[in-house]
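Asker: Here's the feature list from TrEMBL:
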type     : residues   : note
DOMAIN   : 4-117      : domain 'CUB'
DISULFID : Cys4-Cys31 : disulfide bond
DOMAIN   : 139-215    : domain 'LCCL'
DOMAIN   : 222-358    : domain 'F5/8 type C'
REGION   : 316-337    : region 'Disordered'
Amino acid sequence: GNGCGHTLLTPHSGTLSSKNYPGTYPNHTMCCWQLQAPPGTSLLLAFGDVDLEPSEHCALSSLLLTDPQTGTAYGPYCRNSVPSAPLLVTNSSTVTILFNSTSHRSGRGLLLSYATSQHPEGMRTGGNSDPFLFMYFSVYCPAGCKDIHGDIWGNPSQGYRDTSVLCKAAVHAGVIADELGGQVTLSREKGITLYESAFANGLRSKRGSLSEKRLIFHKVCCLLSPVCDDVLEVVTFNASSWWHEVGMLGQDRDWVAERAALSTTGHSWAAEPDAKAAWLELDLGIRRNVTGIITKGSSKHHNYYVTSYHVSSSRDKKNWRPYRGSSGQEEKVFEGNADSQGEVSNAFIPPIIARYIR
């Protein structure tokens, strides 16, 4: 059987867990992970959770780490033989992690994350944030923290409760891509009375009450725009088609492209019914640095909304480039709305430099 749970490994950081984590891991399974960092760097491993049923010499369930370059072994670990420190600093760019189980009744399993020696200043495993000594601080979040266990409270505009899972909140805020992880910079400020729920970058935060402190993420802005949170003005809206609606009483309603602006009241833009590969096009007037997009349904009177979409961009309206995200492999599918009321944010990491967006 396969004992591998959530796994995302990149050259500079990653996370991995046993199957079903944080539920009980299955019987009679094993999993082997091979970590490979760039030459000249060394691996730093953070033990987020190691909860394997205890047994003599960890014979029933165990976690074993080996360094094939030096022949060094770490472990075996289980509940009665845990790592001596939460962070293991190796002298190698290659580590093999072996997890196996026989018959057992209890145990959450394991959650590990890693980063390279290029980012030693604060790798996080997804646990709750600690009491920090400084107003401003910077940490390095591993790739793949979006799907780990734990909740977040708040949203990018109001900040996050200090009990939120830190790296997961950074993905929700759109300051790092889950596929790669990366550096995040935060400040600790006074808490607020209520943290509203929001859906952003494939994650929904929870509605939460007062906390002593809140965490504010700071984007590193670059290229054309010194400020990341400016709302860009759309000069012209265009679309593949639009719906000319005729009501039951013969009244006309045009769902034209110009009604696609987020601030529009009443009905919005809609493509012609049954239209294939419909698109909406935004002309920003000049080339701009576009860091994200917010979508919303039509209105409470018209329960229409877009559930998912692709994005492409152009500098001359002739050559269009599909957005592939940070991984650069396949065209990215953005998760849209689940109703016509709420706003959904998606970040472009890296940003788009273009005049036209579809």
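Glycine is no exception: its Cβ is also placed from the backbone N, Cα and C atoms.
Unlike curated entries, TrEMBL annotations are predicted automatically.
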Asker: Name, in the order they occur in the sequence, the residues of the same chain whose CB lies under 8 A from the CB of Cys4 (disulfide bond) and which sit 6 or more residues away.
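Answerer: In sequence order, the residues whose Cβ lies under 8 Å from that of Cys4 (disulfide bond) (at least 6 apart) are Leu16, Ser18, Lys19, Cys31, Trp33.
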Asker: Return the average pLDDT for the domain 'F5/8 type C' (222-358) as a whole number.
Answerer: 89
Asker: Note down the number of other Cβ atoms within 10 Å of the Cβ of Cys31 (disulfide bond), including every protein chain shown.
Answerer: 21
Asker: Take the domain 'CUB' (4-117) and count its residues per DSSP category (helix H/G/I, strand E/B, coil), listing them in that order.
Answerer: 3 helix, 63 strand, 48 coil
Asker: List the helix, strand and coil residue totals of the region 'Disordered' (316-337) as derived from DSSP.
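Answerer: Secondary-structure composition of the region 'Disordered' (316-337): 0 helix, 4 strand, 18 coil.
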